[in-house]
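A quick write-up on the structure given underneath.
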Amino acid sequence: MSAQEGGAEGDEPGMAVEPGEANAPCGVSTPIRPEEDPPDEQQTYDVIIIGGGLFSCCLHYFLKKKKPDIRILILEKEQTLGGYIKTECLEHQGKKFLCELGPNIFKTSDESYQLLKELNLLSHVRVLNKNLLRYVYSGGKLHPLRLSIWGYFAFPLISAINKVKLIYKILFKRYKKLTAYDEDISVEGYMRENFDLQHFNFLLLPLIYGSCGGMGNISAISFFSRNLKLFDNKLNKLRVWQERMEHQRACQPPVWGRVSAVDSLRGGDVDSAAPLPNEEEPPNLQKHISINQQHSYAQGMNQKHDSSSCFNNVLYRLDTSTGDTIAGDLIGESNTISETTGDHSSGSHQNNNPVNDKFTTKHHAGMDTKKGQCDFEHTPFVKRIYEKCKCAILDAMLLFIPQLAKVGSIEYEQQQKKKILGKTISLKYGMYEIIDQLKKNINEKYVWTNEEVDFVEKHNEDTWVCTIKRKHASKTSCIYGRNIILTVNSKICANIMRKILPPEMKANLVNVQYTSIISVTVYYHKKDIILPPNCFGFLSADKTNHILGCFYTSNMFKERCNDDSIVVLTLYMGGKNNPNDVYMEEKDIIKIISEELTNIFHVENNAQPVILKMKKWFDSIPFYSLNYERNLKRFLNELNNPQYRNLFVDSGWITGTSISDRIASARDLSEFMASSVFTMKTQCANPVLA
């Protein structure tokens, strides 16, 4: 069970440093902008992002990579960035704990893996042990659910007859596809009509509790496509910005000859105009092409393996555009080294080829020396002695350290990627490490916290205006931007857009349902509680339970507690079954937790759980009621009208609530804006503080 990340509220600290003081967030916990100078109302920003959650931080990062000189302003109503990602380091009776108040884990995708790599967080990734068992709580007992075909057949809550029927119907397609329904249908109704209620009650219902705190009347199309990701529904894909880019490309007439062989040799941009067929090439370019052809021919003639080249690829990376030596990373850091003028893929050519001698820099492990410094060192005799000694030493080293020849290769990086991609992971010092790394690329001057946007409206043809309610002043402020991005939930979105949305559209957004969840971190002494072996956690199939699910946190990741005699649990309660739980007093919540945990686990000596942290999340996770997709499609179609040009809406209720969903959608939106909003060429520079 994981509280899903989505909107623009909340915060959580956790950095690549050791846990700090008791009851203090991990890492940098100070607000991004203290209460000081008022917002600058004179300038017009290129982009204004309303909401400071994970999506907003990622979008800022990706946009800055593509366009470092644009001005981006982030407006966040809470004190710090991060949204629902919250990590806190606590201390109790000399024991140190790392508590996640929001998402504990997430499943990696290509986009989230690439971001972790770019943020240098791969070394902090903690992959969940695949041998840990999930349990389903029903009838006062915990039943193991192994994620395999044999584990499915061994699952005791579903009869063998129903298991055989399900497999038969799936294999021979003896069921009605969801896409064949004219009207939306609930998950419970769909399972009753096509399969059986045992699979619904003991498999799907716990998943509904765990993913969104909902009930069986959730939309089947939305749940299977958004939560379980079993298929893409026809109405709304999660990758909406990719879909819009594909539509734009399909509508554009083809342009032939954008990239030529000369452009490739120049290392020019993809959109650079190719020279005309009769246009004379510059003399220096002709010479450069000739040199590269000589290199290619020499490569084909000499097939002998040069071990010094392999070893040099391990020790350094050569930036041929600047002549600098760049340190490598064992997992494979940013991207392969830059495109440059000419083909310099082989390190041995740069060191040995006499054609390039006077134009290049000689690079050795640990030092760079400009050629021509001493006549003696360039004599043929000295050169031959040096090269022979170098090759002999490196050959000997590679015999003892064969792994060095692999590091830096594409195959090696792919092997490292396979260890993480598609796996369920967390980070060493908590999920907030992602936010902390992203914040390093954000200028604090352009992050305004404790600022709540009242509404947005059109100022003129090219500019939007955001009216901000000042918390510590009676007046309002107006901020101007060329592009506005709303990353908030549907209810807040409807309120902010109330002056520009049609009444019916505004009502649809207000009527989107959400669940409220309570996240509680507790601990027991191991001698006082008996948990099942290899326990990952459990999801409840009991419709009367307040606790929806629970993680055995200290068993999942050892960094969550520094004391092995302690059992740390993170549990979630409330949801649609118990919507009033979030309004209960803390003492009543603790009483319910103690009673239910005693019934679920074997708690001895009447031991009571120690409550470390409790967080109430109001309207935190979207609940997909019937016809949710149709109403969402109407809203997205409305945004395509000209009056909303350069106003974008993206949040968990549109493009998915998981962490990987948010990262992927932020990257997609940045690429969409780069291709259709900003008239610029994509740059590969690192994010720059603006």
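The backbone N, Cα and C atoms fix where each Cβ goes, glycine too.
Keep in mind it's a predicted model, so treat the numbers as computed, not measured.
Residues or ranges marked as region 'Disordered' by TrEMBL: 1-40 (among others).
For 149-168 (among others), the entry in TrEMBL reads transmembrane segment.
Summarising the annotation, TrEMBL assigns transmembrane segment to 200-224 (among others).
The region 'Disordered' annotation in TrEMBL covers 335-356 (among others).
The feature compositional bias 'Polar residues' is assigned by TrEMBL to 335-355.
Per TrEMBL, domain 'Amine oxidase' is recorded for 363-649.
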Legend entry - Spatial neighbours of the transmembrane segment (200-224) far in sequence, C-beta under 8 Å, 6+ residues away: 1-2, 4, 136, 138, 145, 155, 157-158, 178, 184-192, 230-231, 233, 235, 515-517, 539-541, 543, 548-549, 572, 574-577, 621-629, 657
Inset, instruction - Grab the pLDDT values for the domain 'Amine oxidase' (363-649) and give me their mean, rounded. - result: 89
Legend entry - Cβ-Cβ under 8 Å with the transmembrane segment (149-168): same-chain residues at least 6 beyond its ends: 136, 138, 143, 174, 195-196, 198-199, 202-203, 541
